[in-house]
Amino acid sequence: MNTSNIITGGDTMPAFTIVPTAARITPGATLRGTVTPPGSKSYSARAVLAAGMAPGRSRIRRIANSRNVRALIDAVAALGAETRFEGGDLVVVGPARLRNDQTIDVGNSGIVLRLLLGATAHLHRTTFVTKYPESLGRRSNIEMLDALRRLGVDADWQERDGRLPISTYGAGIHGGSTSIESRKSSQFLSGLLYLGGRLDSALEIHVPDELKAPSMVRTTQQVLAIAGVETSASPDGLQYHVAAGTAFAPAQFSVGSDPASTAALLALAAALDSDVSIRHTGLTELDGVVDYVRSAGGNVTAGSDEIRVQGDPAALKPLDFDGSLSPDSVLPLAALSAHADGTSIFRNIEHIRYKECDRISDFRTELRKVGIESEETVDSLIIHGNPAGATRSAVIDSHFDHAIVLAFTLIGARSKHGLVIENSGVVGQTYPDFFRDAAELGIGLQLSAEPAVKAGA
């Protein structure tokens, strides 16, 4: 397998190491070695946008090399920022004034779209499009558009429920107060907090329902604070305030390891005969996930900058996991629990239905193909585990979702017959070098560049 970069260096982000259309995962792996997960795509995306909003020079250290981040880099460039790479860092020089009347391709990323819907809502006109109508194009944004309308922003869209393409018109925008329903996603709230940094007057935001993934909102507030935007929240996390006169300023950002990618590596190592060390930086938010992997039978030793996993497939136990703790960890841990003897439940996860795919129903569709039994409710996933794991081979539809690819790599490696994951290159949304790293640890796989189902076909 060729693991060299296709393109290197220059003023552009290095190309993805491997962009397969299909991955054949073979069983029988024993994992050994050390791996370094990529930088956090969520933090990187927020930092890129904050830097692009600030007039002047900002630096983002150890930025994630993912498609979502690339889409946001392209977006801030379209809005007038200059960007260039210096080693593993991104330098962003934000414009004195953002450009109006831009059309922005947001890729297949909900966080890119929803942050930009807020951050650009004050501009005369901004249009958002995607080349993934069967994935991101199916996701509703009506909650965000309603919240913006209450602040004087007009919008139009071609599909129902505020689906892409969307145009916003900010000539009539004003500060004051608005509300945002966050049952489906906390990304809407994060976008509004960015908007607060562009307004002259204070912004009050009320969340009338339960806030999902509050850790992601805290990440947004941390990034905004570094960039000079003052925000505050009530103790219950349902009221937010952006101070009047606050404004984006150039800043230095340092990106920690990606929690979703690290959780996938933890689960993969715990599921197999393994001795794997995972190097990381700044991952305190993953402490709870490490505890859950331990409770599932994983022998995990966590240090300040490295996590060691000594996997024993016979030691796996069922899980009871609160998915609001780490939404992107649900599918890797569900794949792990599919190999424990007993029933596991993943609670408080309705919001993962509104990701790149419905991560409950679509995930279960693929589980059925390989003989793994499961159930669902509106906000939970129930896995009936079996140490035998997948009992038959299948061709797995990735649903253009990196989380499906990561989860079924584990399932294929533990299976009797292996499996094939179609459109597996979407793993680059979060972890571009995943297949290279997995192969170096010992996962058996073959990658194909033959034509597969195209996005939007």
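Cβ coordinates come from backbone N, Cα and C, glycine included.
Since the structure is predicted, the reported quantities are computational estimates derived from the model, not experimental observations.
TrEMBL lists Lys41, Gly110, Arg139, Arg359, Gln429 as phosphoenolpyruvate-binding residues, and of the candidates Gln158, Gln187, Gln310, Gln446 the one it assigns to that same site is Gln187. Of the listed binding-site residues, namely Ser42, Ser186, Gln429, the sparsest Cβ surroundings within 10 Å are found at Gln429. Cβ packing within 10 Å was compared across the binding-site residues Lys41, Arg46, Lys355, and the lowest neighbour count falls to Lys355. With a cut-off of 8 Å between CB atoms and residues at least 6 apart in sequence, the same chain places Leu136, Arg139, Ser185, Gln187, Tyr354, Lys355, Glu356 near Gly110 (phosphoenolpyruvate binding site), listed in sequence order. When pLDDT values are averaged over the domain 'Enolpyruvate transferase' (26-436), the model yields 95. Nearest by CA distance to Arg359 (phosphoenolpyruvate binding site), out of the recorded positions Ser42, Arg46, Ser186, Asp328, is Asp328.
A helical conformation is recorded for Gly110 (phosphoenolpyruvate binding site) in the three-state DSSP classification.
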